[in-house]
Every structure is written in C-alpha cells, then in structure tokens.
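According to Swiss-Prot, the compositional bias 'Low complexity' annotation covers 406-438, 512-524. The domain 'CBS 1' annotation in Swiss-Prot covers 109-173. What Swiss-Prot lists as domain 'CBS 2' is 203-262. If you look up Swiss-Prot, you'll see 277-334 marked as domain 'CBS 3'. Residues annotated as region 'Disordered' in Swiss-Prot: 1-71, 389-438, 494-534.
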Amino acid sequence: MDKADTSAAPVGASSPIPIPIDQPQRSNSQQGSIGNGSGSHRTPGHIPTHRQSFAENLRNPPPSPRAQRHLSLSQSAIQELLLKNPSSKQPNPLFANRDWRDVAVGELVTQDDVKWADLDTSVEEATMLLLRSSPANVVHVREKSTDNTPVSTFDYNDLNAYILVVVGLAHPEDDEQVALYDEIARKARERVAIPLRDIQPICRKEVLVTFSADEPLSRGVEVLGSGIHRVFVTTGNGDVIGVLSQLKVLGFFWEEGVSFPEIDRLYPVPLRDLKLGTHQIIAINADRPLAEALTLMSNEGLTSVAVVDNGMNVVGNISTADVRLLTSAASMPLLESTCMHFISVILTERGVERGQDSFPVFYVNPYSTLAHTVAKLTATQSHRMWVVESPSPSPSVPGTPLLQPVSSASSGQVAGATPTTPATTSTASGTPALSTATSTGSTIVIPSAVPTASLPPPVSSSVPAAALPGAHLSGRLTGVISLTDILNMFARSSGLHPSDPGEQRARRRRSSSASMRPSMEASRPSAEFIRRLG
C-alpha cells in the first residue's frame, strides 16, 4: 500500500540477503515455479544462525507498538485528507498564468533523489542505498564511480527477483541461465559479495529515458503516461540531476492543479464518468503463501498485487517494496506464511517506525471523484488504487471471512469478461480444476498456473481478514486505477498523444518470462520508442 513478533521481520540485512541451506540443484522452468517437480524446487531451509539486520545495525530495537496502539488515520482524518482539495488554495506564483505543458522538467526534480551505485557495488550495499532512497525508490547504476550517466537501475522489483533466485523460487528459461542462477544462489549461501553486474541478467529492465532539464513537462507526461515509471533529468553535458517519476508528477498536478484549468476541471468528476482504469486485474487469495505473491508479481511484471478474501473483497495490498521486510535470514519463514499474515507484519512494522498503527487506504469505488483518488495516491505514495464495490453480502461468503482455501482458485487474475471457454489449471492439490465465476456478474477468477502444493504449512496462523483495521470498509474487487492511467488521461485531455500503456505492460510481462540478455543494451531506450513519443 500492505501477529508475528516484529523481530521476525527486520528491515534489511548485513549479509547478502537471506540464504536457504542445503539447496538441491536447480533445473529449468519447465519443472514448475513453486512446486517440487523432479527435485527442481528448493523451499527455504532451516537457518541455523542469525546475522544482524540493517535495522539492527542502525538503531536499537524500538519498543513494541502493541503497548499502545491507535489508528494513524482515523475516519475523520481520512475525511479531512480528502476534503483538502488544492483547488481551494491560491495559485502558486511560480506557476500562475502558465501552461503546465511549458513548465520545465528541471523545475520538478531535486538532486537529493539521485542515489548512485556502480556495477561493481555489491547487492548488499545497493540494498542499503535502496532502503534509504525514499521517496525515489530507485538506485542509479553507473559503469564506474567517475560516471554521472546511468547504465541501469536497481529497485525493489530487482530486489524481489534477486531474492526469488536466492531462495530457489525463480527458474530460468534455458539451461544457460541454470548455471547463472545456481552461481548466484551459491555465492549468497556462502556469503560472498555479489556485484550488481552479476545480477543484471535476472533483472527486468525498463527503458531508460533521459530528458534535459529544460525539456517541457509535456514531453515528460507523454512518456510517463505511456507506462514508463521514471525519467532521468540531466544537465546539458548529460549528468543526472534528478528523477521525474510518475508519483512526483501526479503530486505536482495535485498541489498546483489550481493553476492549470485543464487539470483542475477533472478533479470533481467521478471515476465512472472518466472511464479510468481497467477491469483486468491480478489478485491473490489471502490464504496463499507469500512466496506465491512474490513469484506472481515477478512473473507478471507487477509492482503490487491485491489481496482478497473468498468473496473477492479487498483485504490488503502487497507490493514489491514490501520485500524490504525479507532482507534478513530471520525473515525467511515469512515466505511460507500467508499473505494475510504478511499484511499484519507490514502494518506492525509501520507501527514500529511511526509509533502508531497504519490505516490501510488503498481502494476507491466507481463513484469516487478523481480528486478523492489522487488524494489517496499522493498521501499513501501508492502506484495504484483498487476499485471496489460494496462488500459481498452473498450468503455463501461469511461476514467474517474464514480464509479457507478456495478449491477452484488459489491466486488469480480478475478478468473483465467471462471467457467463452473455462480456464483449466491446477488446484493446491495439483489436480486440474475449472475456474468458476465468483458471482452472477462478468468478473471471474482465473486460477494461477503456479502450483503451491510443495510449500510447507504456514509457520503461524493466518490473521483473520476481519481482524485488521479497515477490514469492513473495503469491498469487492472490480478494477484498478494506476498512476499511468491518470497521467495518460491528463496528457490526452491536454491535446497530447501518449502511447498505449498496454504496450509497456506487455513488454514487462514478456521480459519477466523471457531470458534476459546479460548486457546493458536491453535497458537503453529504443529509437522506435522515442520516435513514437516525438
């Protein structure tokens, strides 16, 4: 956004990310992702020793938030947040009477967002930099320390991919990469420093786009509204001086929208009338193992996934940024715990950091205004909001979800229309099953093709969905609205021509399942992509 003792989920690690012990040899992806087909699967083993985490090295363990708990965002606070529309503010003199399309991208960025690592920097060191990079959530990777031009990046998606390789849940597409994956896991197990250079082939790389600081914001919004998550802003000689991210641009439009009538007039409009978002979503049942959610995000090229109960009601959100809680050996049992349990760990960790509980605010409904949606996105620093309807009152779905396994679907994709033929996959027992509609409507659950039978039982009981703050305030999942969707609409409503975001989404999915080239060329912008935006 997304109970165990907080010591089970420390933030960071002083060793090169958690390592399972006694791992069998890895084989290619034809033998399954999480299942134990032909000995290829390696579940996290017993960790005999515990090395201090990043957090333990940086600060003394804080007192437990259990002693005094209160919601950080009460209903009144949420209402106040949503009523604080910048449209009621006086225009900022810096942007008054200006066309937002003529604002220079350099006016929105700061040098503080730029964190550097070299290709020879260890994954451990890069992870520490990443944990400190908020709100940019990215580390720039350069060839050598004297360079000021990135050749790659390191973000939470890459950290997730690395952890999946280390614990044996990621599988290469060909025999050539089998040796690479095994070598990375071996070095991590032996606590040998692994340079970022070595993990480039396993990381899914987005196109690297750079703009000069004097480029107009219209160009930046066209690119970001086409599905690119960030743009590097450079000086005339090519040195990076800032990062223009989707979230930064949306925050700018939220704070300064009163100066731009084309943007400000859209805020009072309901999402239903704007026809924003998509009904094709990927969700996972709350009772499924966390390892399955992480694998699902990696395979599908996602930064977050909705967590739902048996009635398809949204009960939480897990993002790749949450893997920061898995960067120590002691946190490995969390991979075997349920998604619902991990959500409770996320909320507890936020309580430790802030001294109070967090109230999950990660959903909107079709009648929410754009202002309501953007307020939540900027306040929570989220990349998407789940669109929900009223909570499912179906007699077949208890008011307090029991979170028992669903025989027809463990994790899956919510599609916008019922397929003409039933989708076949495997249940938790490994036998074929047909996906069935969760209601009489058109939304169905398509089970994941990722088998989960080999994962051990959760190490602790799942926290009931009804026990979490806000559990009764969400509703049935029907869609999703992303930063890309909103920026794409802003661009089109202002006469710009962004590319179809679906192209970038498809590219991320392809690059997640295909063998990655071990070179920097895969991450450099293609001439064709730049021409389409020009």
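Every residue gets a Cβ built from N, Cα and C, even glycine.
Helix, strand and coil counts under DSSP for the domain 'CBS 3' (277-334) come to 24 helix, 19 strand, 15 coil. DSSP assignment over the domain 'CBS 2' (203-262) gives 24 helix, 15 strand, 21 coil. In the predicted model, residues of the domain 'CBS 2' (203-262) average a pLDDT of 94.
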